[in-house]
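Novice: One structure, pasted below without further comment.
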Amino acid sequence: MNKFATVLVLASICLAGVSAQCPRIVTRAQWGARAASTAQLPIRPAPWVVMHHTAGASCTTDAACAQQMRNIQSFHMDGNGLADIGYNFLVGENGAAYEGRGWGRQGAHAPGYNDRSVGMGVIGTFTNAIPNAAARTAARNLITCGVSLGHIASNYWLIGHRQAVATACPGNAFFNEIRTWPRFNPNV
């Protein structure tokens with residue numbers, strides 16, 4: 001086998017390993033995001049992952065989740081005056097991850113952490129119940145994916161939004177769940 005073929009085989013193996021760790025990611029174009037311009041994340045790879053819930057309706061289908069993403073983006077841009085949706089990614093209970101600002105972009109989701117974190121959340125309200133298994137798996141896989149791709153530091157810390165600012169987010173039930181996840185930091 002020539003050198004070029006060997007490189008292609010090795011690259012395919014590496015990419016297969018990364019994609020196996022990543023959930024299905026729905027791009028901004030696929031969910032119908034409005035155009036926006038946001039700053040690059042100044043500290044990369046991000047040493048923090050901040051977990052949220054959207055405190056609204058949940059979604060279990062591609063169409064419903066895309067609609068929720070558009071609703072959240074409009075609320076953040078039109079209602080809160082943000083440059084874009086505040087989160088880097090959101091996960092639906094359909095098991096898909098939805099690109100918000102995306103990797104390497106500074107979010108607007110947790111004051112004091114926006115310039116050093118990836119803001120992720122699950123679409124819905126999780127005060128009394130945790131997200132379904134598909135959403136939890138997608139969220140954990142998205143973190144692993146971010147580490148594998150070099151966007152999240154391998155020694156990152158995971159926190160709930162409420163640890164950064166006075167809020168009920170990500171809901172009591174979901175917060176208790178993420179406290180059991182790897183790299184959760186109770187001492188922020």
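Keep in mind that glycine also has a Cβ here, set from the backbone N, Cα and C atoms.
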Novice: Which candidate, C65, C145, does TrEMBL give as the disulfide partner of C22?
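Specialist: The record-listed partner cysteine is C145.
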Novice: Pick from C14, C59: which one does TrEMBL say forms the disulfide with C65?
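Specialist: Candidates were C14, C59; TrEMBL matches C65 with C59.
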Novice: List the residues of the same chain that sit at least 6 positions away from C65 (disulfide bond) in sequence and have their Cβ under 8 Å from its Cβ, in sequence order, or write 'none'.
Specialist: V26, W31, C59, G92, N94, A96, Y98, I123
Novice: What is the number of other Cβ atoms found within 10 Å of the Cβ of C145 (disulfide bond)?
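Specialist: Summing over all protein chains shown, C145 (disulfide bond) has 22 other Cβ atoms within 10 Å.
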